[in-house]
Structure formats: structure tokens, C-alpha cells
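Encoded as C-alpha cells, the structure appears first; notes follow it.
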């Protein structure tokens, strides 16, 4: 109460901040006459002037007022549109490393041109990030006219581009692209073998459009580059037949309650757990089929992989429903449906064997599992930028998360014109059937007066169910869901047309404005090549229809179910009432809806019982709306905790990733790594000697024979260490260490002299990079295994996060030691007699790189989701010749086994 009183007197932080920016906007407005007086050439020349002023030491803040005035005037000349004062304020918020919440239709795309221009003047590059290729292409094409008029270059970074095309895109002053593509390019650059293979510049400034979608909804979905592993698809098929033999139990076993089912389903946390009875039943079935040894448990160390497959099959059958979480295409592919947008995600795959389990369940071809080669979460990728900003229509409900995780403050920008949309209260019915019938009954009279209607559903299944009801009621409508992805923008653009009814899955079509009366440009395009008179007639017709739609009450939004997040509901409502237009919205709910059933059922159902509701009756009361909102807050809090927990774990691997990538880039960018190799050489041989001749030890503790054998076996260094001890009775361990290192170095230096420092230097870099990549890949797999079982430490009264940090650090230190040793082993054993043979080895390495089969993936941790854009991946490598076995003779003709020769380089 006191806080509210103080806010009323001095205003909120948001109000005070906006008040300060309004003063700056007034200064920009004062420059308008001056800018209008300039010719096109004089206005363009301002860009060169600003760059010179920055080069001489002026800050961006000093030139902001003038730069914004230049962009505003250029926008008017190029587009015939000028930024409103609220858009100037939005631009300043973005420049100030904050999130601008701007309502739908307030011109976020035009707002972003202001800070993009200002920050591009530094020459370090600006990235404008959107959620899909369509929006990236559309915005780049449109805004390029403005930026090129002002003398700046624009690039576009989308899937399927070559390395040269991407380098050109990143070299531009302003680059548009998707979050996936920027993230994958970062990972690919850090897997490159040569500096010229990289495509990106430094990560300077990013503006994220629909920032809530990317930094919140996709925060749990790391980007992964992976390669195939040797998996057995038959196990998935076998286990798929086991699950139908199990029965579900309503709740978990406790001391007081022992059920008769085999597994329980926790819808709230999206988990399935075998009961003790179920575990025993599954073990018996698996033992009968020869998949599990007798007297062995599913939970024994040797059966962990089998348990992993059983859990995946259980989840596939109980938590993942066809036409809700995924669809099956005509080609027999299981394609994931994005739970937030309702779009299909071709090429993306769930991880942890879940996708294979779903494929087995649907009876389609089962693809192999993959091994992670490189990964990063969006949370950690975007925190790499020096400056980061974002814009969206719905950020305020997630302001705390933006601030605590990304350090981004959310500023709510006022609308240019007052919002007059009427938001009706929630109507709650007992059953889904009653709810859908009520929606159809509500739509009929509104259609008679020509009011356009947009119906939002949560799944493909529900959109098709509602579509069938409308067909029976003879209501003409369009359906937009994951199955009609290509028509998305067109359908949404015409959703505001007179008398149109559109059913859309969740927030499909986000980023496309719904104009009352329909999209005029699209209507004119359909006319084709017609006379100016016909074009004018079409425009007049559109104006008439626009007036009728306004009179009918504007766009009516119908929500068929509350989402887990209030923000998603607000996004749906936000499609109506743009730029001061009239509009209406209402949510229809039932006690059978997921959110109501799982989170809000008890309170609301008790309320409905007290009211004595009958079939077909609905309840509308502020108490009900409050109960639903409280349920949503609970879910939002739980989801935030999950994302925060993910970040805590990923921060551990993120620090390790930085070290590895820094090492790789240091190797690539150095002309030679002689000093690094010498240091590694000293460390490895010192450690080797210390194992057999411990420091400050007695002669009796020495194992000189073991040292000789180790030096010869691992490094091909044949030294008479025992003879040294016989020849010199006073020989100290320090002297042994020095002599071993000296002889080993001399042997390697002789090899370098033989082929020349340039060739061996290039070879050293190649060995170093390939060894880093191999061990990093193995380390990522070890980290995955560690993480999957770390929660069990809680039962031993230990903090799983602290244990994960400690053990992963130990694994990392061990990996760094292994890296040094592996490099020295390979360099010691390699036999290069001539320049020609060195060239052969280099060529083999290049061929290996060319054949590398990589898949870009995007994995959702809470559901085990992995995503791969099939347009970005290389074609699958098919081996034409027999693979060389590790113990077979090396094909180079050296006479050695493959694993001891060129197999070391694989």
C-alpha cells in the first residue's frame, strides 16, 4: 500500500525513465526542419560525417539526437513514413541495452532502424535477429532501401547459404537472420580448421525481435552440432511392444498406498515413472526376450542404457500425442510441432532416444541417435554480445527473468494512440464439447454483421476439431496450423477481412500484422496486370470494407484455452486493437482443459459445484479469472526455475567451452605454435618421469625399467635410463627428468629438420586442432552422462549442482592433461620422410574435413528435444569403399597398424 502511494507521488521507474527520453525526443523533433532542408546527397553525407566524428573520439550518445533525426527524415523520403515520438523512445531504449515492450502494430520493425543505424556507424556490425527465415528476408529486403539510401550495407543470414555468402552477409554493416543460424555459425566457426573458413566477425550489438520467444520460450533448447553414432534401431522396436503390456496407475506408491499399476504419469512435470511392480514386470519381460541378464536389475550399472531406452519408450507412449506434440508426414517422418507457435519444425529431432521411440511407436523408419560435437544455449550465446537489446509486444510479465538472467531491463513503451479493445471475462464450461459449441454459437451472430474473427487453439488436434464443428454449422473459415505452414503469412494477413473466420494454432503468424479490412497490398497483387482505374476501384472497395469492419467492432479474438503462460495469452489478445483500432477478445475454457485439469481444477470445480451449474451453462466471475491467473503464475514460476537451473548447469560447460574455443582460435590464428608445443612437450615428459621417479623420492622407489618401457611404447623414445643410473651412482631424479626431456626434444627436432619447419609447423597445428576436437567431443559425452545421474547425489545429502561443478571441473582438468599427452604421442610417433608424404597427410586431413557429416540440432532439454534444420546440413556421407579397421595395416604403406599411423589423425 505504501509502495503504491509512493509510486503515485513520484511515478514508477518506467515513468521516470520515459520522461527523460521524451526530452531527448523533443530535441530530435527540433532538428526536423534542418533535416528537411538537406538534399538527398547532403543527408547521405551525414553518415560519413558521423563515422569521422566517432573515429575522432566522439561517443554514440553524443551523436544520437542527430543520427535519429537523419534516420527519421530518410524514412520519410524512402518509405513515406516517419517514426512517431514513441518509436524514437523505443529506439533509445534499444540503444540503451534494454527491452522495449511495444504493442502489436506500433511499428517495431521501423523502430529498430534507429539504433541499428546508430550502432552500425562504429563499423563493428549489427545483428538483427528474428524467429524465422521469412521474417528475416522480409525485414532485410524492406529496410535495405533505407539503409542503402544512407550509405550502409545490409546482409541476410539464412539457412542453406554457402560460406562465402555468409562471410559477405556478416561483413555488411547490418545483418538480418534467425537466432538458430547465428548460433550455429558461432559453433561452426569454433570448429573451423583455418582462419579463412570462419564467417563471423566479433559479436558487437544484437537487436532481438520477438525477444520473449527467443530468450524465454527457447531458452531451454540448446543449439547442438552432432554426428551419428552406431546405434541399434531394433531395440526401440522391441521395447515399443513392451509398453502396451503395462498399465497406468493414478498416483505414486507411498507407505500408505501401494497401487496395482506399472507406471505413473506426472503431467505437471512431464515425467513417467515405473512403479516397483512395473519395474519387476519389465525386468521379467526383458529377461524372457534375452535383453536383460537373469538376476540383473534395470537399475544396475550395466543396464543404464537399457533403462534409458525403456524410459524413452514410456514417454513416447504416454506424454507425446500425434497431432499435438508431433505429426507424421506422408513420407513417414515424425516432425515436431512447436508448443509455443504451433509450427512444424522439419529436421528437428528430440534427443535422449525419444525421437526414435516415437518413430517406433508410429511404425515408421527409425533414424540413428547422434553424438554431440558442439553445443551452446541461447542464454549463453546471446550473453556473448557486447551490447544486447530486444523488442516484443509482451515482455512485462517476464521482466524479472530478463533482468536476473540477461541483465536486461524491460521498459513498457506507451502506444501512439489509446488502446480501446474490449477484453471480456473468461467463460468456464464443464466439458470441452460444451465450450466448443458455445464458441460456434458466439461466432454466428458476429458473422452476420461482418465482424472478422480469429480463433486461437493450442494444438492441431483442437483446431481440426473446431474446424469440423464449423463445417457442420456451415461457417466458412480458414485453418492455419502446422500442416498449412506455407500459407501462414497470407492467411494471417487476411484475418482482418470483412466476415472472415480464421482458426490459428497458438501464435502462428506472429510478426505479420492483421489489418482491419484485410491486407490491401495482397489484394492488389492478386489482381495482376490491371489498369489504374481497376486498382483505384479495388482501393475504394477496401475502404468501404474497412469502414464496415470498424462499425462491426473490429477484430474479435477467441481463445479456446488458457496457455501455461499469461504472456502467450496476451500475444493472442494483442492481435486485435492495433494502433487505436476497435476490437474485442474473450477466452472460452472448460474443466477438461490441460491447465484447468492440472493446476486450477480443485478451486474452480468447488466453485462451480456451489453454484449448481447445469449442462451448457458457463461461469464468468472475477474469482475464477483470479484462480486461473494464479495457476498460470505457478506454472511460470516453475518454468523460470527450470530455465534458471538449466543456466546454472550450462554455465559450468560454458566456462569450459570458452577455454577450449580460446585455445582452438589461438592455434588457428598463430603462424606457428612452436612455443606451445615445447611447453606441452616439457609438461608431458616431466609428468611421465614423475610417475616412475617421484620427486624427492629414494632410489629404491624408482621404477626405471617401467620408465624405459613407457617411453618406448608411448613416444618411441628408446633411452638406457637404467644404464645412466649404473654409470652415475649420484644420479638425481631431477637429472633423469632433464636428460629424458632433452633426448626426446632432440629426437623431435631432428624430425623437424628433416622435413622443414614450415611443413612440420602446419602438421603440428593440424594435430593440435584434431586432438582438441576429439577430446572435447568425448568430454561433452562424459558431461551428459554425469548430468543425467547427478540428481541422485541429493539422496546422499549433497548439493547436485555443487557436485556437478566439482566433478565436471575434474573431468575438464583430466581432458586438458589427456590433450597434452595425445598431442605428444602423435608427434613422437609420426614418421614423415619427405615433403611429398607431408602433403599426402595434409590432403587426407582436408578430405576428412570435406567428408565430415554434421547435423545442426536444437535440443529442448526439458523434453529432450533436439532440432536440426535439414536445409542447413550437408548431404549424408555414404562410404563407397571399405572402412579401414583400427588393427589392419595402414593404407599409406608404412607397414604399421592403422591405429598407430594415420588412424591417429581420425
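From the backbone N, Cα and C atoms, a Cβ is placed for every residue, glycine too.
Range 860-906 is the one annotated as region 'Disordered', of 813-859, 860-906 (source: Swiss-Prot). For residue 106 (ATP binding site), the same-chain residues 6+ apart in sequence whose C-beta sits under 8 angstroms from its C-beta are 86, 87, 90, 393, 413, 415, 416, 578, 579.
Fewest Cβ neighbours within 10 Å among the binding-site residues 87, 109: that distinction goes to 109. In sequence order, 102, 104, 110, 111 are the same-chain residues whose CB sits within 8 A of the CB centroid of 87, 105, 106, 107, 108, 109, 513, the residues recorded for ATP being left out. Remark: residue 513 (ATP binding site) has 104, 105, 493, 578 as non-local neighbours, by Cβ distance under 8 Å and separation of at least 6 in sequence. A count of other CB atoms within 10 A of each Cβ picks out 105 as the most crowded of the binding-site residues 105, 107.
Shown in sequence order, 90, 100, 102, 209, 391, 392, 393 are the residues of the chain, 6+ apart in sequence, with a C-beta less than 8 angstroms from the C-beta of residue 108 (ATP binding site). Residue 513 (ATP binding site) falls within neither a helix nor a strand when secondary structure is assigned with DSSP, and so counts as coil.
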